[in-house]
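Visitor: Structure incoming, see below.
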Amino acid sequence: MALLEVEDLTVKFYTEEGVVTAVDGLSFHIERGETFGVVGESGAGKSVTALSVLRLIEEPGRIESGTVRFDGEDLLSMSESDVRDVRGNDIAMIFQDAQTALNPVYTVGEQIAEAVRHHLDYDDTAARKRAIRLLDDVGIPEPAARYDDYPHEFSGGMQQRVVIAMALSCDPDLLIADEPTTALDVTIEAKILDRLEHLAEEYDTAIQLITHDLGVIAEMCDRVMVMYAGRAVEKATVEELYYDPKHPYTVGLMSAIPRIGDEQDRLQTIPGTMPDLVEVPSGCSFHPRCPFAEEVCTRKQPALVDPDTGDAVGLSDRAAACLAYTGDLDSELDYEVEVTGRDAPPSEPQSNSRIHAPDAEQHRADSDPLPADSDPVGSDTDLLDQDDPDEDTGGQQDG
Amino acid sequence: MSLRRFIAVRVAATVPILFGVSVLTFALVHLTPGDPIDQMVALNPQISAAEEAAIRARYGLDGPVWQQYLTWMGNVLQGDLGTVISVDQPVLPYIMARLPETIALGLFGWAIALLIAIPAGIYAAVNKDTLGDDLSRVFALSGISLPNFWLGLMLILVFALWLDLWPVLAPDKPLLSADMLWYLVLPGVTIGTASSATLMRVMRSSMAEELNKEYVTAARAKGLPERTVVLKHVLRNSLISVTTIAAFLTASIFAGAVVVEQVFAWPGLGRAFVGAIVGREVDLIMAITLFTGVTIILANLLADIMYAVLDPRIRYD
């Protein structure tokens, strides 16, 4: 039994503009002690998923259906007070922006200690001692003296450390980190991630790491789920995802990473933007932006399947949601993964593999999102060879 | 140390404010024709013109207005606030006799306003857009719209005349007694209602805004009970803006006292103030106005100190 099993989770927001399906039939699981990445653009439903796991979705949002089993127990059918015992205690959350996640009128020490007193029944002195140790653990110098400081007396990086200490305070089994370093500059980001990884190991904590930064994923994660418009479009181990991405959206994300030595003048981008979730495109919601889209993509919603066999998958298997793998497309997905540097350490694959996808520029040349009936792959003579992606993987692994 | 300096600076800043208030009030009083001597003469026609001039000179009411002002100011700086001419009594003891009555009424009105406003505001914010919130909105709208003289009369009609719970007039008892607390209820409610309505709306909107902030989600994510989240984390942040309005309302509490003391025949400064205006008692009007000014300035100073207590980000240095 996995630590966390989310099945068929659907979350809707009833706004004045219409019903927004922020998360649509999402399933995933997290094993004890592992680091699970959730990646996608803003608005893909990553944060809503995280808040749903803790049942912290607020009006006008509502969890419509699904189960969230933590240690075998369904959090969604528990009483409110039972869920409160889980929050902060078994599952804790690290928020994106420490500056807003900390209450400005209480000392940082108090904000760590209050959860300790509440969940672990520590008295004031013991809670204070534990909070000071946590501040020390996350790398705050002179923790005893800084216990009584207020959040505004800390720098952004130090505030984020406090938020991490707050999340670790009751020794949770699962840490949900929602873009924990997005608000920080790069050097501090590296230090914080390093510390987080180290502490997760020390406390044997599983992490659900939400980010839009593929570099962070490569650095930290064991398995990854790629989200688009509230759905999972690909699930894979981090190596599979970087060396052998299966979904066109993943491919687009990968090729959007600029690399040192690139001689392009422009950043490669995925054309268009994430759809308005009030009116999600019909069929595959990615089709208006997908360079491989065919007419069928506008009609048929792809299921998550095993990309090799096209069969339905269980919770834990490698999967991608693209019609290419169910035999619905006329053409193949033509992109090529090029891996440079043979003995690339798997922890940093993003600096060694590069992906050639049909250039976004070509499709943007004539128009914005793809008209439903156009056939982008028909005119691909100047694109890279149409290789079977599986062969690329083979080549890479041999090399 | 820095707070002490801040207070000193603020107290020093009251001097120019009080000067401005005194000039304006003095000018306004003299824009209306007539003074207490005119009334005295009208009631005693046998007073000769020479006697009238002598009386005027005695009370400093002769000469041009600027000269009268300077005379008055000179006396005030020497600690002499002047005379209540109709009873021929110095202003200071006259005020001091009535001040405790008004302070008691004002504080009681205040307490009632806060006791209603803060819990009701919290309730309305937490239960936003429910029936309770709508009811509180109706209460607030009526509270702001009802003129307090009318509310006072209605309370007397219902609770004193029909239900006979209170006497129409408060008996003449020492102010600091348990009995008097009971007699403070009707005028206190009258004076506090409008303020509580305003405060409640401010409390509600401030709290509703704070409830949307991320630290609230973070506090909930720690597994704290909702009561702790609201009463510990949110309340203290919401009170910061309530404090500002509460300080402002000191002025309206005093303005309320002027009317309410009249309605309830309460022997305080407000009633004395109305009498002073009717009788053109320049010295008394000036003294009460300045006293009110000082009170409002002090209330705002207190609010500034409260900010620093509530919000550690505010430092006066």
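Glycine is no exception: its Cβ is also placed from the backbone N, Cα and C atoms.
What TrEMBL shows for this protein is this:
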type     : residues  : note
TRANSMEM : B:7-31    : transmembrane segment
DOMAIN   : B:99-303  : domain 'ABC transmembrane type-1'
TRANSMEM : B:103-126 : transmembrane segment
TRANSMEM : B:138-162 : transmembrane segment
TRANSMEM : B:182-203 : transmembrane segment
TRANSMEM : B:239-264 : transmembrane segment
TRANSMEM : B:284-310 : transmembrane segment
Visitor: Can we call the transmembrane segment (B:7-31) and the transmembrane segment (B:239-264) in contact, meaning three or more C-beta pairs below 8 angstroms at a sequence separation of 6+?
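Guide: Contact between the transmembrane segment (B:7-31) and the transmembrane segment (B:239-264): absent.
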Visitor: Is it the case that the transmembrane segment (B:182-203) and the transmembrane segment (B:103-126) have 3 or more CB pairs under 8 Å, with pairs at least 6 apart in sequence?
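Guide: Between the transmembrane segment (B:103-126) and the transmembrane segment (B:182-203), which are separate recorded stretches, there is contact, as judged by 3 or more close Cβ pairs.
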Visitor: Out of B:138-162, B:239-264, B:284-310, what stretch is closest in contact terms to the transmembrane segment (B:103-126), meaning most Cβ pairs under 8 angstroms?
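Guide: Selected stretch: B:239-264, with the most Cβ pairs under 8 Å.
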